[in-house]
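Taken verbatim from TrEMBL:
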- 14-31: transmembrane segment (TRANSMEM)
- 43-65: transmembrane segment (TRANSMEM)
- 85-108: transmembrane segment (TRANSMEM)
- 129-151: transmembrane segment (TRANSMEM)
- 157-181: transmembrane segment (TRANSMEM)
- 202-225: transmembrane segment (TRANSMEM)
- 231-250: transmembrane segment (TRANSMEM)
- 286-302: transmembrane segment (TRANSMEM)
Amino acid sequence: MPAKQNWMKWGKRLFTVLFIVLIPALLYSLARNLDWNEVRESLQAYKLSTLLIGLGIAACSYVVFASYDLLARAYTGHNLPARQVLPIAFVCYAFNLNFTTWVGGVALRYRLYGRLGLDNGTITRILTLGLLTNWMGYLLVAGVVFALRQVKLPDDWAVGVTGLQLIGVLMLAVVAGYLLACGLATRRTWSIRGHELTLPSLRLALCQVALGGSNWLLMAALIWWLMPGDVFYPSVFGVLMISCVAGVVAHIPAGLGVLETVFLALLSGQLSQGSLVAALLGYRTLYYLIPLMAAVITYLVLEKRAKSMRQQRASDAPQR
């Protein structure tokens, strides 16, 4: 058994390394033949109203994602108010997108929630519920799009439309199984690789799937909004779903190059490469960079507030 586990571990590492090498090579090949003048002209053609609406879509997505932590509050039973939970969730999401899950999703949550008095066990349950919410929502909406054959794949892709459809059906089956378990299972606590998972109520699970799916739909809506012409929204959404999986496999911060490579490979037949790259640059600015700048400021405020709270507690402590 250990030999098999070692083989799987090295296999995953090799696959990841190959993926990391392949993505820059493909991106370089595409960028070398790209008309950068067209990219510049496409960026300059954006109206202020278009960008403001796009920023509004991004803000809605961040609000939805931050609400995951409100679900986690109901799940864990901690009593931190929403005015403390939502800023932490916002900061963690922005850092998560730009600097990987370990920085934003894990390290910052433990630091910020810990300073507000939550123990590690509660913070771990918050993390677990957030991950489940995100990926159950992904499985639902991606499963629907894949199962309905809304993504056009190149002819030379090994998976094929039928294969992607079967993957979509499997995704929906996983979501259905999760909801059934939350609603009907008599055993509520499960041990997975040494970690205990307590199933939420069916009502909470339905909220998870709804919020998780809504966030992915909003992310795709932002990219679609920035694209010129009449592009089929389900196609944009399906390509985003594929690129997100590729980004997770590659472990590249912010999925740099991965998102662009997948979109150029799958949508270059519907749009010119220049306008497509311009839309993706606009997406990264509105969804990654601007929220990150706001998150840095928010983080500094949270740190200053936490320092003041510690000083207040120290001054209120009984003097010996």
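First residue shown is number 1, and so on along the chain.
Keep in mind that glycine also has a Cβ here, set from the backbone N, Cα and C atoms.
In this chain, the transmembrane segment (129-151) lies in contact with the transmembrane segment (231-250); the count of Cβ pairs under 8 Å, excluding pairs fewer than 6 apart in sequence, is at least 3. In terms of C-beta pairs under 8 Å, the stretch of 43-65, 85-108, 157-181, 202-225 lying closest in packing to the transmembrane segment (286-302) is 85-108. Across 43-65, 85-108, 129-151, stretch 129-151 shows the highest tally of CB pairs under 8 A with the transmembrane segment (202-225).
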